[in-house]
């Protein structure tokens, strides 16, 4: 009994224990994952021991902040400043942050931003669809590029598009063919990069059918950037994401440092990707190792260096900018200080870009997410949403073993993006039901139904793709932090794909209210999951799906 309890509580125990030691916050997550492997029970189907509930008694310490805390920051924000040890911290005014609510608003904003762009358009997505709405976007790009050439004083507009190679090359008409006219007409201004995972190579690449090769790994980042304005989202560039596929979107207006960071990030991934040519061929940047023909280790090292150089240089720039702005030379006159204050008002909101690229040994998002879940205190509320409910073991352990209340929003089978698909893909919603039921059963076996609640999103003729979380501190009716971007909190997001999201920390009541309304709008269309949910005829999972799910759950 004692051995079983230790194995069950192990992952959280080691995170708590390491939290008492000085050092990087990521060490807790790292040791927790090591404990996951060492403490795994050979009989994976056996229920976790109720001793898991003892894990919260090991109270964590707030991760050490190596940078000096800013006296201008509210005390409630201090607890998250450790994130800047890992990534750049961008302080902005909350008036520059707008939360979008609908696919139509997202689509219209993108078109409007493209039309007025003067310097740069940077778009990273899984793929670009081939329908009339997607063509509208391409036409907007073409028109804006044309105007930039005809202007009396050419603006030097540059367009950079990053997509996934496998998804963007599927079928005779695809993302590549949609973008070829732009490349052919504006070869000096347009760049199209197609990321190919280094894990799909050799015999595996030859044998896996086109429809399934994307399961090995993808470019999954979604960022849409226009001059100094940035949209972070989980939405792709496809018609359903512009009409009836619910996602999340945040618009950062006039944020040049953030725009520069994501431009450099997309450029970095683009540099290690295949470059689309005007004749629909692809080639690598000169001197770069090929992702699936070259040495895998050498390619991953080069990619790691390229991306980490962007992250680290931006982090240093922001630290210097922060010091110059808010910790200036005491010999400055009062007039100089006032003038500096006029140029850059004290921020009330902080943006942290969280990058996850496990193929390149970059796991910042994983570290930050695990630490946030570990630090969620008794009385805090975490609203976590994912279109594909398939949490990693580490995330599940933290949800079940920590003290915060959890409201987890997921897609009902009818609004799952694979619902009604042909062939094997049509069984994927049933596999998610099976995973959901297993998790719900575990919650019940631990007596956690009041603290951890599942809710299913449903909306007629819509699908659900929203992901992220909102954190409400104990005693607060509004969130002070949200995560928004591309990760789904599943195995793929952590281990296979390239992901990016941002943590938004704010003390602005107006922005907190925006985030709260966004959360309420999504959860308003949800129903609470109970044991009766799984008794419905539509929730009966075939035996073969139950048997196959453990084997394939790490691929979707």
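Any Cβ shown, glycine's included, is placed from N, Cα and C.
Taken straight from Swiss-Prot:
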TRANSIT   1-28  transit peptide
MOD_RES   49  phosphoserine
BINDING   124, 125, 126, 127, 128, 129, 130, 131  ATP binding site
DOMAIN    215-241  domain 'PLD phosphodiesterase 1'
ACT_SITE  220  active site
ACT_SITE  222  active site
ACT_SITE  227  active site
DOMAIN    419-457  domain 'PLD phosphodiesterase 2'
Position of peak Cβ density within 10 Å, selected from the binding-site residues 124, 128, 130: 124
Entry from the binding-site residues list 129, 131 having the most other CB atoms no farther than 10 A: 129
Pairwise Cα distance for residue 220 (active site)/residue 126 (ATP binding site) [Å, integer]: 5
Neighbouring C-beta atoms (10 Å sphere around the C-beta of residue 220 (active site)): 27
Summary of DSSP states over the domain 'PLD phosphodiesterase 1' (215-241), given as helix, strand and coil counts: 5 helix, 11 strand, 11 coil
Cα-to-Cα gap, residue 131 (ATP binding site) vs residue 227 (active site), nearest whole Å: 26
Residue 124 (ATP binding site) to residue 222 (active site) - Cα separation in whole Å: 5
All-chain count of other Cβ atoms within 10 Å of residue 125 (ATP binding site): 26
Residue 124 (ATP binding site): secondary structure state under DSSP, collapsed to three categories: strand
Cβ neighbour count (within 10 Å, all chains shown) around residue 127 (ATP binding site): 24
Top Cα neighbour of residue 227 (active site) in the set of binding-site residues 128, 129, 130: 128
126, 227 as recorded positions, winner by CB count within 10 A: 126
